[in-house]
Structures are given as structure tokens and as C-alpha cells.
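A short write-up of the structure that comes next.
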Amino acid sequence: MTTTQNPPAAVAGEAHTTTKPTAPEKSRVRSDRAEAWRRRAPLMPALIFLIIVTQVPFLLTIWYSLRSRNLLRPEGEQFVGLSNYGDIFLDSTFRQAALNSVLITFGCVIVAMLLGLGLALLLDRKFFGRGIVRTLLITPFLIMPVAGALLWSISMFNPTYGLVNWLIGLVGISPVDWTSEYPMFSVIVALVWQWTPFMMLLLLAGLQSQARDALEAASVDGASAWQTFRYITLPHLRFYLELSVLLGAIYVVNTFDHIYLMTAGGPGTASANLPFYIYQRAFLGFDIGQSAAMGVVTVIATIALALLALRLIFKSINAKEQS
Amino acid sequence: MKNPVWGRLLSVATWIVALIFFAPVAWMVLTSFKQETDAASSPPSFFFEPTLDQYRVIFASDAGPYFMNSVIATASSTVLVLILAIPAAYALSIRPVKRTQDALFFFISTKMLPVVAVIMPIYVIAGQIRMLDNIATLIILYTAMNLPIAVWMMRSFFLEVPGEVLEAASLDGASLLGTMRRVLIPMVAPGIAATSLICVIFAWNEFFFALNLTAANAATAPIFLMSTMTSEGLYLAQLSAASVLASLPVVLAGWFAQKQLVRGLSMGAVK
């Protein structure tokens with residue numbers, strides 16, 4: 001609603017300044033200010049909305065993390081300083097969840113990136129049915145993640161009627177209870193399946209933005225396919241590789257659906273990652289202070305990753321604006 | 001590369017890999033047309049008498065309200081995102097504010113904040129103002145979730161509008177809103193469509209907020225999927241049919257807008 005109100009207000013401000021021609025200095029300053037506000041006005045609703053919905057809760061999380069508060073123990077909450085932070089670092093489950101987060105994120109992103117690169121290279125040629133192949137390949141990314149997680153944990157990995165055990169049975173391997181015996185592996189497989197198309201799409205866009213004449217010149221000069229790839233394609237792709245890895249990591253580090261539905265963090269806490277463990281402590285353990293502290297630690301750990309990704313995106317935006 | 005046999009082999013290999021990747025989806029669709037006994041058979045049954053029974057069960061079940069909630073949350077949040085993002089993107093591109101880079105940085109940095117770090121206060125606040133299990137809560141959160149992407153995407157489309165067009169409009173004395181409505185919006189209409197698509201995908205598929213903040217009234221389609229699995233034991237064929245129905249809108253949208261998908265997922269950095 002505020003969007004429709006702001007511009008007229010800004011226009012009125014301008015009219016106000018122009019009615020005072022007697023003090024030109026003042027008027028110029030004011031009209032500068034009015035101009036600045038007129039430019040700012042369309043931005044404000046979005047900015048204010050986002051600050052309220054994201055920053056206020058995060059500040060509250062920091063506040064919670066400094067207090068002891070457990071909904072199961074109503075004897076009251078009090079300021080406890082950094083003791084929640086001390087506690088979570090002594091919590092071996094938290095450390096394991098952090099490690100699992102790292103394993104899942106890097107395992108998924110690296111494998112998906114390599115597969116995505118291979119698929120992008122295969123698709124960057126003209127062949128029969130290329131559009132259909134591309135459409136088939138992006139589908140795993142479009143399936144609702146909840147449906148994808150259930151599909152893998154039940155139809156694919158079920159020990160008795162799952163497709164995977166049937167396939168390995170064909171070559172004589174005895175059935176495996178995938179999600180209990182290899183929970184991390186199962187989760188990573190399902191995530192790789194979902195995220196490979198994402199990597200492929202970004203890398204394919206990168207391949208197709210290559211200057212064709214450079215590739216032709218290379219082949220005229222007698223460069224082998226490998227040399228062309230190594231010395232022309234790969235340097236060009238570097239930006240796209242970095243971008244896809246970092247964006248992929250930012251999305252995958254927040255994985256919750258797959259853990260919740262495929263393994264429930266189990267067996268025990270063997271496959272809990274940070275989002276799942278924090279959820280567990282908050283909504284099943286009602287330990288608000290500690291789960292808030294873990295949330296803050298997760299944010300700090302993600303910032304390094306996020307800053308790298310941001311720097312890269314800004315680089316590309318600036319390069320484009322200057323060109 | 002020049003060798004035609006080698007090229008043909010490569011094409012065949014590409015097809016095989018694509019089919020392997022697609023196989024789980026195909027299997028899900030296949031299972032949705034089975035009777036439960038065929039669905040959970042060992043070894044898996046590839047030949048069976050197809051039936052629409054599972055889809056009939058879903059349509060006769062209480063799935064309606066869940067899907068309706070998903071439609072309301074997705075559509076409302078997408079409209080809200082556009083209302084907020086288009087003016088903001090304008091203020092960050094065509095007549096840029098000072099410190100545009102800072103504002104852009106702020107928008108995208110909120111996208112990188114792990115959701116799990118803010119769920120607890122959101123839950124507590126929503127409880128205090130009696131907004132738990134309320135679809136409006138999801139609409140607000142989905143708007144905040146998609147707003148940064150939409151601002152970045154719309155900005156990248158605005159930057160492609162030629163400057164002469166805008167100068168001509170401002171010489172005509174058109175006001176800000178007039179310029180936007182008559183000149184800018186029609187020119188970036190494809191961009192608005194692409195941005196909406198991305199917002200729809202993320203809102204439709206969202207699970208974490210829906211799981212924690214809704215119960216009987218405001219639960220969405222992903223919650224329905226989960227409940228088919230847990231409430232009545234395992235009915236695999238039925239679950240597959242529900243999965244197909246729940247995934248279909250986004251799959252179709254994504255198929256038809258593959259290019260926009262890349263742009264949205266990279267927040268406008270890759271075109």
C-alpha cells in the first residue's frame with residue numbers, strides 16, 4: 001500500500017522547495033534532499049519489510065542465545081552471557097552435526113558440480129533430441145523436494161522393494177538397508193540427484209556464452225579437443241564454476257527436508273546436520289537458549305561462504321554494467 | 001570430435017545418462033498408476049494393469065484444503081513480492097539511489113541467512129500475536145524469502161531497458177507512476193513473468209516454515225505429502241500419485257521456462 005502513497009509525497013516535497021526562490025542556497029540543498037528522497041521512496045517499502053521480517057527475528061535470536069530459556073523448565077529465564085555458546089561447543093552431537101553439515105554440503109556440491117560439468121559438456125553439442133534431453137535432465141530439480149526425498153527413501157532405497165536393491169541384486173549383491181546403514185550416503189545421493197541439474201544449467205549457460213570464433217580459431221590452429229577445453233573453455237568457465245559451487249553450497253548447507261524425511265537425523269544422530277539438529281533442540285527439546293546459540297554459530301559459519309559468493313556476484317554485475 | 005561415429009556414440013551416451021537421471025521420476029509416475037500390491041512388490045513390477053485408483057483416492061481425500069492453501073500462499077506471496085520488488089528494483093537501477101550497492105548487498109545477504117537461525121523468534125512472535133497456523137504468516141514469510149531474488153532479477157531486467165526510451169518518457173512530462181505503468185512495465189513484462197516463475201517455484205516447494213508454523217488450518221501441499229506417509233502407514237502408490245500431483249505445477253512451469261530458471265537461480269548473474 002505504501003508504494004502508492006510515497007511517490008506523491010515526494011512530489012509534494014519538490015513543489016515545496018520550488019516555492020521558495022528567495023533563498024537559492026537553501027532551496028538547492030532542499031531540492032537535492034527532496035530528489036534523494038524521491039529516488040529512495042520506491043525502495044523503502046521493500047527495504048523496511050525485509051528488515052522487519054528478517055533482521056528483527058535475527059536480533060531476537062541473538063538475544064535468546066544470551067539467556068537461559070527452556071519451555072520445559074518454567075522456573076524462569078535469565079541472562080547467562082555466553083554460557084549457551086560454551087555449552088554447545090561441549091556438546092558432541094553439535095560438533096557431529098557441524099561436521100555432517102560440512103560433509104553433506106561439500107560432498108553434494110562437488111559431486112553435483114562434476115556431474116553437472118560433464119552433462120553440460122555433453123549438452124553443448126548439436127544432436128538429435130537435445131531439447132528433450134535437457135528437459136529430462138532438469139526435471140529432478142523441479143520435483144518438490146519433499147516428494148524427491150520420499151521418492152529416494154522409499155521407492156529407491158527401501159530394503160525389500162526398493163529399485164536400488166533390485167538393481168544390485170541383478171549383479172548378485174545382497175540387499176542393503178541404505179538409509180539406516182549408510183544414512184549420510186543416502187542423503188547425499190538424493191541431494192546430488194536434485195542439485196546436479198542446477199549445476200548443469202549454470203555451467204551450460206557458461207559454455208554457451210563462449211565466443212565461437214575463439215573455439216574455431218583453436219581448431220583451425222590444430223588444437224586437440226583436450227587442449228581447447230583446458231586452455232580456452234576452462235578459464236572461461238571459471239566464473240561459472242565458482243558461482244555454481246558457491247550458490248549451490250549456500251542452498252545445500254540449509255538442507256532440512258531430506259534429512260527430516262529420509263533419516264530423521266538417524267540412526268541416533270548419525271546423519272543430523274545443523275539445521276536439523278537446531279530444529280530438534282528447539283521444537284522437540286524446547287531448549288530455546290541453546291538452539292538460538294547454535295543458530296547464531298551457523299550464521300557466522302555461513303557468512304564466510306556467503307561473502308565469497310557475494311563478491312563473485314558483484315564482480316559479474318559490475319563487469320556487466322561497465323561493459 | 002570430427003569423427004561422425006564418435007559423435008553419434010556421444011549422443012547415445014548423453015541420451016542414456018539423461019534417461020538414468022530421469023528414471024526415478026519415471027518410476028514415481030509409473031508407481032502412481034499401480035495398485036498398492038504392485039507398487040510394493042519384490043522384485044519390482046514393470047508390467048501391470050494401469051489404474052487411476054490412486055488419483056481417485058487423492059481427489060476424494062482431504063487433499064483439497066492443503067493444495068488450496070498452497071495456491072493461496074504461493075499466489076499471494078508472489079503478487080506481494082512483485083508489488084514490493086518492482087519499485088525497489090527501479091530505485092536501484094533506472095534512477096538509482098545513493099549507496100545502491102549497499103542496498104543490493106543487504107537484499108541478497110538476507111537470502112544467505114540460514115532460515116533455521118530465525119525460526120524460533122518467528123515461532124514465538126507468531127504465537128504471541130495469534131498468527132500460528134495462519135496462512136497470512138506463510139504469505140509474509142514467503143514474500144520475505146523471495147523478495148531479494150525478485151529485486152535482483154527485476155533490476156537486471158530494468159538495466160536492459162534502453163536509456164533513450166526513459167528520456168523520451170520523462171521529456172513528455174510523464175510522472176514516475178505514469179512512466180512505470182505506460183513505458184517500463186510493458187517493456188519488462190517478460191522479466192516480470194520470469195521473476196514470478198521463480199517466486200512460484202520456491203513458495204510452492206517450501207517445507208520448513210510450513211512444517212513448523214502450520215497445523216490443521218494452514219498446512220500446504222508438502223505437508224499433505226508427508227502426512228500421507230505417516231498417518232495411514234505406507235501406501236506407496238498413493239504417495240506416488242500425491243507426489244506427482246504436488247510436483248506437477250512446478251515441473252510444467254520449469255519445463256516451459258528453462259532459460260528464466262538459470263537467471264533466477266543465479267539471482268540475475270547468469271543470463
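Quick reminder: no glycine exception, Cβ is built from N, Cα and C everywhere.
What TrEMBL says about this one:
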type: REGION; residues: A:1-33; note: region 'Disordered'
type: COMPBIAS; residues: A:23-33; note: compositional bias 'Basic and acidic residues'
type: TRANSMEM; residues: A:43-66; note: transmembrane segment
type: DOMAIN; residues: A:98-309; note: domain 'ABC transmembrane type-1'
type: TRANSMEM; residues: A:102-123; note: transmembrane segment
type: TRANSMEM; residues: A:135-157; note: transmembrane segment
type: TRANSMEM; residues: A:184-205; note: transmembrane segment
type: TRANSMEM; residues: A:239-261; note: transmembrane segment
type: TRANSMEM; residues: A:292-314; note: transmembrane segment
Surrounding residues of the transmembrane segment (A:292-314) on its own chain - C-beta under 8 Å, 6+ positions past either end: 58, 61-65, 84-85, 87-88, 94, 98, 239, 242-243, 246-247, 249-250, 253, 274-275, 277-278, 281
Beyond the flanks of the transmembrane segment (A:43-66) by 6 or more, those residues with Cβ under 8 Å of it: 2-3, 6, 79-82, 84-85, 288-289, 292-293, 295-296, 299
Intrachain neighbours beyond the transmembrane segment (A:239-261), with Cβ under 8 angstroms and 6 or more residues off its ends: 101, 104-106, 108-110, 112-113, 116-117, 145-146, 148-150, 152-153, 187, 190-191, 195, 198-199, 202-203, 205-206, 271-276, 279, 302, 305-306, 308-309, 312-313, 316
Tertiary contacts of the transmembrane segment (A:135-157) (same chain, 6+ residues out, Cβ under 8 Å): 119, 123, 163-165, 178-179, 186, 189-190, 193-198, 200-201, 257-258, 260-263
